[in-house]
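A.B. asks: First the structure, which I've put down as structure tokens, then a few questions once you've had a look.
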Amino acid sequence: MARVHILATGGTIAGRGSSDTSSSYRPGSVMIEQLIDSVPGLGALAEVTGEQFAQMSSQDMDEVVWQGLANRINKLFDADAADGVVVTHGTDTAEETGYFLHLTVTSDRPVVLTGSMRPATSLSADGPLNLYNAVSVAADRDARDRGVMLAINDDLHSARDVTKSSTTDVQTFISPGPGLLGTARLGRIRYFRRPKRLHTSQSSFSAFAQRRLPRVDILYSHAGMQPDLVRASVSLGVRGIVIAGVGNGNVPGPVVSALTDAVKAGVIVVRATRVGSGDVERGVELDDDALGFVVADQLNPQKSRILLQLCLAHELDRNAVQEAFFQY
Ligand code: ASP
């Protein structure tokens, strides 16, 4: 029987409300032992162990916890202490933690994130079935070498492609562009594809657990965006700026000038988009070669930030950073 270790970090899946119909609740209140006990049949899927790694709302998640998680997962697999790992996580930033792990876990064994939109105490709580499905994938031999995944609401997403699309809907996670990796429902798992870009055992990035990652800011573009935000970021010592641009990664003219100055000051500028899907391509409305910008290709701004932080931690130059956005 496969050994699946659950690392619990909090979120709504561990949330507690004052009653089963109350809309307000505190994420990160229920301990991992209770979460495991709330799922019937888990023991038939795998030999399951649990660990309370953190207990937070995922809006409080940060790079230090990501680094610690990557380190812990790598140690578990290096020591052959688990065949698969499940990470329970708040849904707000699950896509970010997932993508960080997708780039920094060194094993091809499955790592599956899950969470829930309704707290553990809610009427029709979605957490127990999501946890059941996540454990079934983590226990599955065929889940190997598919990178880090998110199993939620019967769907299976690649951590690279998934994003949260609704503030409250149970069917909130989507994978625009590449689409679902598969489905997982009550032990019936179907895989539709493998991720094409580099991840986990093929990735050259490491988690740098002993070192803080460089600061990268995300600046949100809009009609009338002011260039002084760019200057403020540069004066705060950022090493990189990700633009959540309008359309194909665009910003108003004065912001282009401020970003060009930032590039001259040694800051790496990545043009991503605030639009929920579609690629950002080089040289469409802006001459990226002349301006010295990098384009995000398929990554959304929050994932672009993570890839850029890791590129900067690895001292990659601008051309190598652009290459990384086409490879990962
Ligand atoms: N704010 C919560 C969190 O991300 C929401 C959730 O888990 O669904 O921790």
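Including glycine, each Cβ sits where the backbone N, Cα and C put it.
Annotations in TrEMBL come from automatic prediction, not curation.
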A.B. asks: Of the candidates Ser58, Ser107, Ser122, Ser124, which one does TrEMBL list alongside Thr91, Asp92 as binding substrate?
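C.D. replies: Of Ser58, Ser107, Ser122, Ser124, Ser58 joins Thr91, Asp92 in the substrate site that TrEMBL records.
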A.B. asks: Have a look around Thr12 (active site) and count the other CB atoms within 10 A of its CB, chains all included.
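C.D. replies: Within a 10 Å radius of the Cβ of Thr12 (active site) lie 29 other Cβ atoms.
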A.B. asks: Sorry to bug you, but what's the C-alpha spacing from Thr12 (active site) to Thr91 (substrate binding site), rounded to the closest Å?
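C.D. replies: Just about 7 Å between their Cα atoms.
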